[in-house]
Amino acid sequence: MAMGSASCISLVVLVALATAASGQLSSTFYDTSCPRALVAIKSGVAAAVSSDPRMGASLLRLHFHDCFGCDASVLLTGMEQNAGPNVGSLRGFGVIDNIKTQLESVCKQTVSCADILTVAARDSVVALGGPSWTVPLGRRDSTTASASLANSDLPGPSSSRSQLEAAFLKKNLNTVDMVALSGAHTIGKAQCSNFRTRIYGGDTNINTAFATSLKANCPQSGGNTNLANLDTMTPNAFDNAYYTNLLSQKGLLHSDQVLFNNETTDNTVRNFASNAAAFSSAFTTAMIKMGNIAPLTGTQGQIRLSCSKVNS
């Protein structure tokens, strides 16, 4: 996870460094050093998603929570994993570890955990019927992680639109990027504790029948980890139904529905709801931008032997 800037000057420097670093990434990075890398990642993801369709959303979320600074810091045991937005909810570590073990057996200390996670996120979307995109490669792995930075950088389920925009802008992602990346909630589930307030009177911008249906598995007390689909229409398909849900006030999280609530983002939501191709194009563009946030390249960081711990 990349560190936030302390001043306008440092922000300019960080953006410049991030741009320079992303320029060192290349889609052909492993063509010679580990030519089967992408095939191995795709195979590992396909098997995992076939066994558990929810795993696709979990890997995509894992990438998002790492890629407010794409350095595989979120994969390190403890620290960042214990941050509020992550604790008890991140999944997919075993899938990444298995892929890493396979790659280490054929390409010793060559393919970074950061790249594995970035490619796995893309392959998860594809496995669930979503669009594909070319992933620039060559990231290296961090040797540290920070729970405090995760707490301060990652938006939460109760975030307002302005809070979401501020969090994304901090990472050089614009409002369209924000709305497009939120569309990842077309797959996956959320815990009751993250939407309880919304369905029990905390929000007025919610479909009454939708709220009632959610209460059956999310009581006012207890059941914090009970799950509900983020997209009730097509929960295991990566499509644009998320935005259709928002038009009907059926966004599961407060941070979902604020994107369509007499806000400046309303027209973008309408566009994505009616035009799947527009959503796919914006989503892939935003994913590439997010994957290029402050990567470690060259001699920075390391190539971990195990994704869960730094090299000894």
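Yeah, the Cβs are placed from backbone N, Cα and C, and that goes for glycine too.
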- Message: Looking at the Ca(2+) 2 binding annotation from Swiss-Prot, with Asp231, Thr234, Asp239 already listed, which candidate in Thr186, Thr197, Thr284 is the matching residue?
- Response: Thr186
- Candidates Cys113, Cys218; Swiss-Prot says the disulfide mate of Cys192 is Cys218
- Note on the structure: Disulfide partner of Cys107 per Swiss-Prot, picked from Cys8, Cys34, Cys67, is Cys34
- What recorded positions in the list Cys34, His65, Asp66, Cys70, Cys113, His185 lie within 10 angstroms of Asp231 (Ca(2+) 2 binding site), counting C-alpha atoms? His185
- Would you kindly give the Cα-Cα distance separating Cys218 (disulfide bond) and Asp66 (Ca(2+) 1 binding site), rounded to the nearest Å? 29
- Cα-to-Cα gap, Gln24 (pyrrolidone carboxylic acid) vs Pro155 (substrate binding site), nearest whole Å: 28
- Same-chain shell around Ca(2+) 2 excluding Thr186, Asp231, Thr234, Asp239, C-beta within 8 angstroms of the CB centroid, reads Ile187, Met233, Pro235, Ala237, Phe238, Asn240, Ala241, Tyr242
- Message: For Cys307 (disulfide bond), which of the listed recorded positions (Ser73, Pro155, Cys192, Thr234, Asn262) have their CA atom within 10 A of its CA?
- Response: Ser73
